[in-house]
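First up is the structure itself, then whatever we jot down about it.
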C-alpha cells in the first residue's frame, strides 16, 4: 500500500483534467468510420489511405490514428512502405458497427447528446435539475418528450441502450434464477435487447415490452423480428396508464431516472398489478453504501443530474423503495460488472 508521499498528485490531476480528450478521440474515430474501414479492408492501412477513403485531412487523420494507438484501440506496424494501422481485438469487437457486441450506437449517443448536456454541469449542480433547455432549447417538463425530441434522437437512444444490453444483459438476468417466472413484463423495455436476452436465457418465458406508443412502433419495425413470438408489446405510459398483469416485472435503468416519490408511486402500481408470488427485478448500477464508489456509478449519477430527474442509489436505498411499494424478501446481487440486480417479491 503506497503512502500519500508516493502519489504524484499533479500527474493525477492532469490525467483527470484531460479525461474528456480520451472519450472524444474514441467517439470521433467511431463517427468517422475508422474502425469499420480497417475491419472491412482486411489488411493494415497507412494514414494517407485511411484519410483518402474517409475524406479527411491527412494531418488530422494521422494524429487521430496515433492517439488511438496510445489508447490501445489501434496497433501499428512499421514496414518498408511506412507505418500501417490495424484494429486491435477490442476495437473489432466493440467499436465496429457490424459486431454483435458493438458499442457504436451508445458512443454516438454520448458524443452527440450526453456530451452537450455535460457542458452545463456547473449549472446543473447549481440548480439541481437537468439541462435540456440550455443544451437543446427545449423544456424538460415532459422528461421523455425531451429525450425523444425527434424520431432520430429516439432511435439513437434506443440503439444505444440495445448495445449496452448486448454485453451486460445476460449478467443481470442470470444474477437470480428467474426460470420460475413464465410471464414477464419489461417496463420501459425500449428496443427489446434485454427482452431478447431474457427469452434466450429462459426459453419457457414470454416477455411483454411496455413502453410509449412511438417507442413500441420503432421497436417492432427495427429491433424485434416478427418471427420472435415470445416477445409481445403493450403501449402506454406506466405513470398514467394501467400496467398489465405479470409474474415478474423488469425495471432496467428505470428508477434511476426518477425521484424517490415517483419511484414509490411506480412500484406501488407494479405491486398492485403483480400476481401473488410474483416479483420485480431492478437492474441498476449500485453505489457502495457509503457512496465512496464505484467511480462509474458516481459518474452515472452526475449524468442523471444533467439528463433526468433521478440519481443512482445504494442497495439499501432501492430496498427501502421496494418495501415502500409493498415488496418484501428483497435480495441484492452485485454482478461485478456495470449493472447489478435487486429482486423483490410479492
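A Cβ is built for glycine as well, from the same backbone N, Cα and C atoms used for every other residue.
The active site, proton acceptor annotation in TrEMBL covers 256. In sequence order, 284, 285, 300, 304, 308, 310, 311, 312, 313 are the residues near residue 256 (active site, proton acceptor), counting only same-chain partners six or more apart with C-beta under 8 A.
Mean pLDDT, taken over the domain 'O-methyltransferase dimerisation' (14-96), works out to 96 on the 0 to 100 scale. The annotation domain 'O-methyltransferase dimerisation' is assigned in TrEMBL to 14-96.
Sequence annotations record features per position, and here TrEMBL assigns domain 'O-methyltransferase C-terminal' to 118-327.
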